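Structure record follows, encoded as structure tokens.
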Amino acid sequence: MKIQCDVCEKAPATVICCADEAALCPQCDIEIHAANKLASKHQRLHLNSLSTKFPRCDICQEKAAFIFCVEDRALLCRDCDESIHVANSRSANHQRFLATGIKVALTSTICSKEIEKNQPEPSNNQQKANQIPAKSTSQQQQQPSSATPLPWAVDDFFHFSDIESTDKKGQLDLGAGELDWFSDMGFFGDQINDKALPAAEVPELSVSHLGHVHSYKPMKSNVSHKKPRFETRYDDDDEEHFIVPDLG
């Protein structure tokens, strides 16, 4: 006995989908579950067909049984099923299933092989493109994080030292030219002698010169720095105001 596909209703079903609750043939299974990633994660169980010979009926032991009763836990043929479950209303409520002789696989399988066959293999150019970022990341890890100092000076490379030296010479020449008109006017003529003392030196005085120098003594001021005292004088008339009268 075979189960018909619930989608095309033509080919025999080989897979039962637990999420869709449908029996599917191989072609319909690929078309439905390869549509998107969510459908590809559905749990499917394979249907393994047993031998074409059905077991015998547990009641008559003569005819092939294809009905299973859950409450009676027995395989029944069509005649025995009618005689038992149609007799009264209580037995008519028993749960009975069709025993097709097909066994469901214990482990869930996903039709990954069929999907991989339909997908094209990546070309060599794509494989090379995937390998290039891995190499670039490894090169970045090998590079040191801190910048290494340069073996040559920046000033020597750009010749800043030569520029500074020429600027200093130009400034000195320009300064000397500006001071020429001071010498022409006689500012630096006789006023500055060769024997003039530097500004930082203090002239030394001989003992004879010290005699003429009058010693300076600070004059004492007659004004005293003491605080003035205020004296209070009481007259004889004022003493009467401080006498307490005797009331006794």
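These residue numbers are counts, starting from 1, taken along the chain as shown.
In case you wondered, yes, glycine gets a Cβ from its N, Cα and C as well.
Summarising the annotation, Swiss-Prot assigns Zn(2+) 1 binding site to Cys5, Cys8, Cys28, His33 and lists sequence analysis as the type of evidence. Under DSSP, Cys5 (Zn(2+) 1 binding site) is assigned to coil, being neither helix nor strand in the three-state scheme.
Residues or ranges marked as Zn(2+) 2 binding site in Swiss-Prot (evidence: sequence analysis): Cys57, Cys60, Cys80, His85. On its own chain, His85 (Zn(2+) 2 binding site) has Cys69, Ser91, Ala92, His94, Arg96 as residues at least 6 apart in sequence with a Cβ closer than 8 Å to its own Cβ. DSSP assigns His85 (Zn(2+) 2 binding site) to a helix in the three-state reduction.
What Swiss-Prot lists as compositional bias 'Polar residues' is 120-130.
Here Swiss-Prot flags 131-148 as compositional bias 'Low complexity'.
Under the heading region 'Disordered', Swiss-Prot lists 115-148.
Taken from Swiss-Prot, the feature region 'Interaction with COP1' covers 236-248, and the record attributes it to experimental evidence.
Annotation source Swiss-Prot lists motif 'Nuclear localization signal' at 226-229.
As annotated by Swiss-Prot, zinc finger applies to 5-47 (among others).
For the zinc finger (57-99), the number of residues in each DSSP class (helix H, G, I; strand E, B; coil) is 12 helix, 10 strand, 21 coil. Taken from Swiss-Prot, the feature zinc finger applies to 57-99 (among others), supported by sequence analysis.
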Cys80 (Zn(2+) 2 binding site) versus His33 (Zn(2+) 1 binding site) - Cα distance in angstrom
42
Return the member of Cys5, Cys8, Cys28 nearest to Cys80 (Zn(2+) 2 binding site) in space, with distance defined Cα to Cα and candidates limited to these binding-site residues.
Cys5
Hey, what's the Cβ neighbour count for Cys5 (Zn(2+) 1 binding site) at 10 Å?
21
